[in-house]
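Asks: Annotations for this protein, taken from Swiss-Prot, read as follows:
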- 12-51: repeat 'WD 1' (REPEAT)
- 57-96: repeat 'WD 2' (REPEAT)
- 101-140: repeat 'WD 3' (REPEAT)
- 146-185: repeat 'WD 4' (REPEAT)
- 192-231: repeat 'WD 5' (REPEAT)
- 250-289: repeat 'WD 6' (REPEAT)
- 301-335: repeat 'WD 7' (REPEAT)
Amino acid sequence: MGRLILEHTLQGHKGRIWGVAWHPKGNVFASCGEDKAIRIWSLTGSTWSTKTILSDGHKRTIREIRWSPCGQYLASASFDATTAIWSKSSGEFECNATLEGHENEVKSVSWSRSGGLLATCSRDKSVWIWEVAGDDEFECAAVLNSHTQDVKRVVWHPTKEVLASASYDNTIKMYAEDPVDNDWDCTATLTSHTSTIWGIDFDADGERLVSCSDDTTIKIWKAYHPGNSAGVATPDQQTVWKCVCTLSGQHSRAIYDVSWCKLTGLIATACGDDGIRIFKETSDSKPDEPTFEQLTAEEGAHDQDVNSVQWNPVVAGQLISCSDDGTIKIWKVTE
């Protein structure tokens, strides 16, 4: 059995902490929460501490933050229906742009691999795609209304300009730009969960996706491209996503976040039962029928709901979590 070892417990925010995000270099992270503030933390020696507090960008709770792939920009999604773009061009972090258009709370934000596109989603049931036009200018490239309910999460594919979204309508949608008319279209709808899907994440090459839900299950989805060796039909020459594995029985309440480590292949979950669990693909796993086992679990990882987990993109086995209990924790996973 593996172990989840607590390395640091950090405090500073007032109220619940909704989101944490590692900088691409892995030596800095950002956090956000109910106090309408973003904190930038960095490691000095063996101590993590807040270096910057950004408190003038939003009027309500900040739900999620994400660094751009280049690490120069930070995007924050807020319940005030805006997304703010921050950069450190002058040595100090400044809010360079505020993206408006959503009618209700913005729940999630994600940068494409190139950094040229930004996606946001909202309680207004829409997904917006923004083009980075340079000089802190962002232009709306698409408004996608494929979901019938609140959209909880958006995540870009790690290598392609393909976007995934997860919703209160129990579905995941995939989007891509049509090469003929340059319009963004919904190319696939993934159905299997029986309740709200809170989190999604791609594996390292983007051929699989993990999802977590209010139905207390985790599901693994696999992409089947036109001409695939498994003989899965691909109507209209579009990639088909099939649910190839369901993990159930490990979580007693809603699973709010899931992170698939690009370095180790481990999957971490954040749960409403205050726990963090780590899953590993088994050695006899098959491509079209993968199997996963629980490597380790920390049942009382936090004192209240765990809202977010994210693997460090550089330091293998390092995991960060945040909670309604107002703490951030950094963990080391050993196999």
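The backbone N, Cα and C atoms fix where each Cβ goes, glycine too.
Provide an account of the burial state, proximal residues and distances for the features listed.
Replies: Broken down with DSSP, the repeat 'WD 1' (12-51) shows 0 helix, 24 strand, 16 coil.
Residue counts for the repeat 'WD 2' (57-96) under DSSP, helix first, then strand, then coil, are 0 helix, 20 strand, 20 coil.
When the repeat 'WD 3' (101-140) is classified with DSSP, helix, strand and coil residues number 0 helix, 24 strand, 16 coil.
Counting residue by residue with DSSP, the repeat 'WD 4' (146-185) contains 0 helix, 21 strand, 19 coil.
Averaged over the repeat 'WD 5' (192-231), the predicted model has a pLDDT of 99.
Non-local neighbours of the repeat 'WD 6' (250-289) in the same chain are 2, 4, 158, 195-196, 198-204, 210-214, 216-218, 222, 230, 244, 295-311, 313, 316-317, 319, 321, 323, 331, 333, 335; each lies 6+ residues outside the stretch with a CB under 8 Å from one of its CB atoms.
Residues 2-11, 13-22, 24-27, 29, 31, 33, 41, 48, 256-264, 266, 268-272, 274-276, 278, 280, 295 of the same chain, all 6+ positions outside the repeat 'WD 7' (301-335), place their C-beta atoms under 8 angstroms from a C-beta of that stretch.
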Asks: Using DSSP, what's the helix, strand and coil tally for the repeat 'WD 7' (301-335)?
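Replies: Going by DSSP assignments, the repeat 'WD 7' (301-335) contains 0 helix, 20 strand, 15 coil.
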Asks: For the repeat 'WD 1' (12-51), which recorded stretch in the set 57-96, 101-140, 146-185, 192-231 gives the largest number of Cβ pairs separated by under 8 Å?
Replies: 57-96
Asks: Where else in the chain does the repeat 'WD 5' (192-231) make close Cβ contacts, counting only residues six or more beyond its ends and a cut-off under 8 Å?
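Replies: Apart from its flanks, the repeat 'WD 5' (192-231) reaches 152-153, 155, 157-160, 162, 164-168, 170-172, 237-248, 250-260, 262-263, 265, 267, 269-270, 279, 287-288, 290, 292.
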